[in-house]
Amino acid sequence: MSTTTLTRREQRAKAQHFIDTLEGTAFPNSKRIYVTGSQHDIRVPMREIQLSPTLIGGSKDNPQFEENEAVPVYDTSGPYGDPEVAINVQQGLAKLRQPWIDARNDSEELDDRSSAYTRERLADDGLDDLRFTGLLTPKRAKAGKRVTQLHYARQGIVTPEMEFIAIRENMGRERIRSEVLRHQHPGMNFGARLPENITPEFVRDEVAAGRAIIPANINHPESEPMIIGRNFLVKVNANIGNSAVTSSIEEEVEKLVWSTRWGADTVMDLSTGRYIHETREWILRNSPVPIGTVPIYQALEKVNGIAEDLTWEAFRDTLLEQAEQGVDYFTIHAGVLLRYVPMTAKRLTGIVSRGGSIMAKWCLSHHKENFLFEHFREICEICSAYDVSLSLGDGLRPGSIQDANDEAQFSELHTLGELTNIAWEYDVQVMIEGPGHVPMHMIQRNMTEELESCHEAPFYTLGPLTTDIAPGYDHFTSGIGAAMIGWFGCAMLCYVTPKEHLGLPNKEDVKQGLITYKIAAHAADLAKGHPGAQIRDNAMSKARFEFRWEDQFNLALDPFTARAYHDETLPQESGKVAHFCSMCGPKFCSMKISQEVRDYAAAQAIEVGMADMSENFRAKGGEIYLKREEA
């Protein structure tokens with residue numbers, strides 16, 4: 001762990017340098033490939049890990065090798081993972097989905113911004129130096145139209161986004177021919193419907209049923225389509241965002257790019273400091289993944305941080321502002337009802353959700369029902385006009401394992417199920433947020449309750465943390481719970497970093513959180529039996545058994561750390577071709593011994609086989625040619 005502490009000025013300068021020198025970068029011995037769809041502009045990016053050949057015999061002077069197939073893997077890095085793409089953060093990413101959005105002819109450009117706050121910010125010349133220069137002219141659904149992926153799916157339409165996703169979810173496994181790599185254990189999927197091959201029609205049907213969502217605001221055309229659902233790969237979200245005391249626009253853009261490099265499927269901008277609007281614009285215009293927000297945070301800023309002063313009008317203006325910038329999903333704490341707040345009084349840790357506590361305080365101050373609940377249909381009308389998905393927030397989630405699975409938590413969950421049905425009336429896509437802090441033996445109930453109460457809408461959880469005793473290691477305590485609930489059916493896992501409960505994460509913390517959660521998500525995919533999930537594991541195991549060290553590094557989720565740990569003990573280049581590692585040494589390496597045993601067994605089998613044939617030959621009289629009936 002680094003002990004170097006940078007000043008705020010140094011941190012900003014470092015982030016600015018990162019942005020200024022940013023270019024498409026591939027992982028070691030990987031290359032970007034594109035798998036095309038039925039139309040020319042559906043080009044699905046993947047990373048292909050190139051592997052070295054296996055030594056199968058021959059002599060020292062004339063060795064014989066067998067080629068190993070390249071392994072394609074899911075890639076969230078967008079253009080940042082393609083060395084052939086010129087990156088310019090000042091201009092933003094190419095608008096990948098714009099032709100698809102325009103071709104549907106159900107949306108129109110706005111003459112002016114719908115949000116009074118946005119108009120005010122745009123009129124402020126003092127913000128020119130902070131503002132993203134290539135502002136997008138926002139679009140909205142035409143009168144009487146709905147532009148959501150759920151609406152299209154219910155009409156039986158397979159959109160380009162759906163075809164893109166089908167190709168992406170199959171992870172290029174059709175390219176793999178090796179039976180060794182294709183071998184996979186059957187999973188235990190707890191009632192999930194995992195097909196052998198994911199088709200565009202399957203994607204459409206899952207979205208139409210509400211079991212999956214495609215977060216894809218029509219004002220975020222830069223995003224690459226992805227899906228969140230129980231019957232697809234488990235996804236991982238990363239949180240970034242500035243605060244009133246730390247972090248800048250440059251640092252948040254850097255964290256965005258960094259997050260997508262290390263596997264974030266979506267990113268939530270939880271900014272609460274100054275320049276929230278400007279920071280979000282920079283993030284959206286440079287994000288290849290969906291962006292989520294918690295609009296109540298910004299609405300609170302607009303009333304100077306006083307929860308009691310929040311109004312529906314201020315919140316509505318914030319929704320319009322963010323929808324027209326391109327936010328793909330909103331976390332809305334509409335299930336924190338006035339009558340549920342007293343249920344938290346006897347909790348050890350009360351209400352730990354920031355959004356939940358804001359709404360609880362507002363309800364108690366005014367002794368009125370949550371205005372997000374009261375105006376929920378209006379929220380849905382806004383979302384359906386831009387295709388903003390709803391992430392129904394768990395404002396009453398447990399903040400300690402003592403409070404897990406209590407009355408307040410599940411009462412709110414049942415209300416979220418009722419709100420899900422309302423959102424679906426407006427063709428608005430919905431996922432449900434979950435805990436939190438839950439011991440291992442109580443995790444599965446969270447999944448079963450959610451499936452039943454919320455009609456199989458996708459579940460999105462923060463961990464859960466399985467113990468409360470490990471500040472500084474909560475990425476690990478929560479990774480355990482994340483792997484379990486992902487196996488049980490959770491669709492997306494919100495990462496936890498080592499700084500959880502302690503401070504705002506920096507770049508290294510973001511990486512640590514993401515790697516931990518990519519492990520959890522992948523472990524869940526293996527346990528569920530997602531088609532093709534085991535290919536990379538098989539390739540790694542084969543490389544490990546054959547002492548192909550470079551391939552082991554390159555197949556790892558974090559090749560750089562794997563290489564660094566190996567080189568701490570065996571830094572010489574010869575260590576990367578050695579048939580042992582530093583753990584056991586050359587004489588006690590189990591895999592080297594296993595290879596020797598295998599070779600010996602094969603030789604013995606040949607020798608025994610020859611002896612058997614010799615005995616049989618003598619038993620037949622030693623004649624070279626036998627009569628037909630004796631043969």
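Count begins at 1; order follows the chain as displayed.
Glycine is no exception: its Cβ is also placed from the backbone N, Cα and C atoms.
The substrate binding site annotation in Swiss-Prot covers Asn239, Met268, Tyr297, His333, Ser353, Arg354, Gly355, Asp394, Gly395, Leu396, Arg397, Glu433, Tyr460. For the recorded site, Tyr460 (substrate binding site), the DSSP three-state label reads strand.
The Zn(2+) binding site annotation in Swiss-Prot covers His437, His501 and is backed by sequence analysis. In the three-state DSSP scheme, His437 (Zn(2+) binding site) is classed as strand.
Among the features that Swiss-Prot reports, [4Fe-4S] cluster binding site is placed at Cys581, Cys584, Cys589.
According to its DSSP assignment, Arg397 (substrate binding site) is coil. Once the Cα atoms of Asn239, Met268, Tyr297, His333, Ser353, Arg354, Gly355, Asp394, Gly395, Leu396, Arg397, Glu433, Tyr460, the listed binders of substrate, are compared pairwise, the greatest separation found is 20 Å. Between the C-alpha atoms of Arg397 (substrate binding site) and His437 (Zn(2+) binding site), the distance comes to 8 Å. Secondary structure from DSSP puts Tyr297 (substrate binding site) in a helix. Just so you know, of the binding-site residues His437, His501, the Cβ with the fewest other Cβ atoms around it within 10 Å is the one at His501. Shown in sequence order, Leu270, Ser271, Thr272, Ile276, Arg354, Gly355 are the residues of the chain, 6+ apart in sequence, with a C-beta less than 8 angstroms from the C-beta of Tyr297 (substrate binding site). The DSSP secondary structure for Cys589 ([4Fe-4S] cluster binding site) is coil.
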